[in-house]
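In what follows, a single structure is set out as structure tokens and then discussed.
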Amino acid sequence: DTMRRVVRQSKFRHVFGQAVKNDQCYDDIRVSRVTWDSSFCAVNPRFVAIIVDASGGGAFLVLPLHKTGRIDKSYPTVCGHTGPVLDIDWCPHNDQVIASGSEDCTVMVWQIPENGLTLSLTEPVVVLEGHSKRVGIVAWHPTARNVLLSAGCDNAIIIWNVGTGEALINLDDMHVDMIFNVSWNRNGSLICTASKDKKVRVIDPRKQEIVAEKEKTHEGARPMRAIFLADGNIFTTGFSRMSERQLALWNPKNMEEPIALHEMDTSNGVLLPFYDPDTNIIYLCGKGDSSIRYFEITDESPYVHYLNTFSSKEPQRGMGFMPKRGLDVNKCEIARFFKLHERKCEPIIMTVPRKSDLFQDDLYPDTAGPEAALEAEEWFEGKNADPLLISLKHGYIPGKNRDLKVVKKNILDNKPAANKKSDLINAPKKAADASNTQNEAKLDEILKELKSIKDTITNQDERISKLEQQMAKIAD
């Protein structure tokens with residue numbers, strides 16, 4: 001209650017949310033029914049991507065933002081995974097590149113054609129293999145190009161150089177239990193994680209050490225979330241021992257006591273926090289809730305100030321959050337959500353009412369642009385850089401994206417030390433040739449087998465349809 005009693009001066013006190021009209025929704029989408037607490041949706045200024053139900057594998061839709069209305073059942077999908085897709089994330093430095101993590105233990109990185117898909121996409125640019133259990137989290141580095149983090153149910157976090165397809169950092173001994181979420185800080189020098197053992201850890205991934213940790217961040221057993229704020233503090237959501245939902249603010253330099261801790265309600269949906277570093281507003285979307293609550297974070301008590309709640313009738317299955325450069329600055333839009341229902345995706349627009357038509361520079365400080373501040377190699381060598389900012393004064397015009405090129409390093413370059421150079425030099429070339437011939441023979445064998453399986457399937461399909469026709473006749 002203390003959060004609501006005092007009327008505070010804030011330009012965000014009157015932020016109001018509004019769902020778009022029906023014809024601006026994306027309809028007839030079978031949103032994934034996998035029981036996994038990710039947001040199932042990722043958006044950027046060009047596309048909205050939604051994880052969907054797929055028989056016999058994993059798939060997600062990628063729709064150009066303007067492709068609203070009913071989505072045809074035959075609309076192409078991104079469908080290269082052999083198990084359900086659990087998480088997707090757009091690359092912040094290339095609006096046509098998206099990463100996906102799946103139950104099939106792999107991470108795949110995809111390049112989407114400029115105008116969207118015309119055919120289903122089954123070939124990723126690169127497959128990243130290294131997890132031994134399903135991969136539930138993927139998150140791009142905020143400022144370094146081609147650096148991607150993945151976390152799996154093997155309790156390991158792997159940081160990849162997507163440009164070479166290599167796993168460069170493997171943090172596999174820091175978590176003893178399931179990792180609920182991972183968040184990069186503003187310049188990508190640290191990550192924080194929330195885990196099933198009720199601990200929040202702050203990790204320096206390049207030194208591979210835990211910098212700070214807090215036990216029993218929230219006492220309850222249900223899933224937590226932890227995200228970095230722009231000032232380096234950490235915001236968490238979780239449950240109390242009495243199963244009340246809580247939110248808290250922490251200073252990683254002193255994790256003994258929270259800066260602020262608030263009880264919310266007794267609903268049991270996991271609270272997904274979405275954070276806007278430009279306005280310091282946090283939006284909380286509970287899975288299965290039908291509301292979005294938002295709070296402003298400031299450096300005066302009570303630090304986390306309740307602003308308002310956007311309520312609707314339908315519960316949300318998931319939620320996408322548009323980066324700042326995808327918003328309409330002429331309408332004073334400060335956030336846009338893409339709310340997933342069971343069969344549709346509905347944009348919700350948050351605006352600050354203003355009388356003037358001029359650009360409101362207090363609402364739109366310079367924001368993170370699409371240019372990477374560092375190359376992957378520089379980051380892995382220890383460099384840090386803040387995001388490169390752009391002004392939104394004249395709106396954001398998406399530029400040309402360069403294609404993602406993956407140059408696999410020659411495996412021989414990182415050969416194990418045991419192979420002495422002399423051994424390699426003296427190794428006869430014949431061995432290599434022989435193994436090539438063997439491989440080709442094996443490939444032929446596999447292709448033949450594949451063809452025979454496909455033929456069998458076709459025959460069975462025909463047989464099934466004949467039987468179905470006979471059934472129909474008998475039924476008639």
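Cβ atoms here come from the backbone N, Cα and C positions, even for glycine.
Automatic, uncurated: that is what TrEMBL annotation is.
Here's what TrEMBL has on this protein:
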- 436-470: coiled coil (COILED)
- 5-69: domain 'DUF1899' (DOMAIN)
- 78-120: repeat 'WD' (REPEAT)
- 128-170: repeat 'WD' (REPEAT)
- 172-213: repeat 'WD' (REPEAT)
Secondary structure content, the repeat 'WD' (128-170) (per DSSP, counts of residues): 0 helix, 25 strand, 18 coil
Segment-level pLDDT (mean, integer) for the repeat 'WD' (78-120): 97
DSSP residue counts for the repeat 'WD' (78-120), split into helix, strand and coil: 0 helix, 22 strand, 21 coil
